[in-house]
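This is the structure I want to talk about, given as structure tokens.
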Amino acid sequence: MAEKPKLHYSNIRGRMESIRWLLAAAGVEFEEKFIKSAEDLDKLRNDGYLMFQQVPMVEIDGMKLVQTRAILNYIASKYNLYGKDIKEKALIDMYIEGIADLGEMILLLPFSQPEEQDAKLALIQEKTKNRYFPAFEKVLKSHGQDYLVGNKLSRADIHLVELLYYVEELDSSLISSFPLLKALKTRISNLPTVKKFLQPGSPRKPPMDEKSLEESRKIFRF
């Protein structure tokens, strides 16, 4: 029996959460080795496990993979969540780059200066409502299918629904004008593997709070 993937990161969402989501949606059980101190991170670096001296790092299939996109690409390919041909893969890549653009803004929001947060939140709300959500609503409307690409579950659906949850935490009203996105969120959330991941006690991480922010500052020395 193959070993479970082992995820090396701190006990926060950060850049590992999309990896947790994708593995969970694929029905893959995984272990987490939490980095709890700067010394834990130094040990991984000194042992030569981090090619570019940074996490996330995932041990899978005899490899120690770093760089979030590389890890996600491997998982999506391995578990048939990356389209059936190069055209579908290109569409998936295009969609997830857009998802990542908005996701990055949300990811970095808690780390910004307090006096900047209101303006940055307003920018996220504006771009969500006027740029990103309309684009994905249009895709779903254009083909009338249940999923973004090829009428089959792909990583694009999973990453988008993860993003929808994050946006909902910031402003639950933003999705109200996008019925097809709401339907996609419900559809993906009801998949057995995703439903399990959304339950309390799963490896899914909560939003960043002051305590986890301070712990992150100590671990990553910023």
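Placed from the backbone N, Cα and C atoms, the Cβ positions cover glycine too.
Feature list, courtesy of Swiss-Prot:
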- Ala2: N-acetylalanine (MOD_RES)
- 3-83: domain 'GST N-terminal' (DOMAIN)
- Lys4: N6-succinyllysine (MOD_RES)
- Tyr9, Arg45, Gln54, Val55, Gln67, Thr68: glutathione binding site (BINDING)
- 85-207: domain 'GST C-terminal' (DOMAIN)
- 199-222: region 'Disordered' (REGION)
- 206-222: compositional bias 'Basic and acidic residues' (COMPBIAS)
Relative to the Cβ position of Lys4 (N6-succinyllysine), how many further Cβ atoms are located within 10 Å?
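Its Cβ has 14 other Cβ atoms within 10 Å.
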Quick check on the binding-site residues Gln54, Gln67, Thr68: which one has the highest count of other Cβ atoms within 10 Å of its Cβ?
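That would be Thr68, with the most Cβ atoms nearby.
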Please report the DSSP secondary structure of Thr68 (glutathione binding site), reduced to three states.
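SS state of Thr68 (glutathione binding site) = helix.
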Quick check: in three-state DSSP terms, what is Arg45 (glutathione binding site)?
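For Arg45 (glutathione binding site) - judged by DSSP and reduced to three states - the answer is helix.
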From the DSSP assignment alone, can you count helix, strand and coil residues within the domain 'GST C-terminal' (85-207)?
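The composition, in the requested order, is 93 helix, 0 strand, 30 coil.
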Would you kindly give the Cα-Cα distance separating Ala2 (N-acetylalanine) and Tyr9 (glutathione binding site), rounded to the nearest Å?
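Just about 22 Å between their Cα atoms.
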If we count other C-beta atoms within 10 Å, could you say which of the recorded positions Ala2, Val55 has the fewest?
Ala2
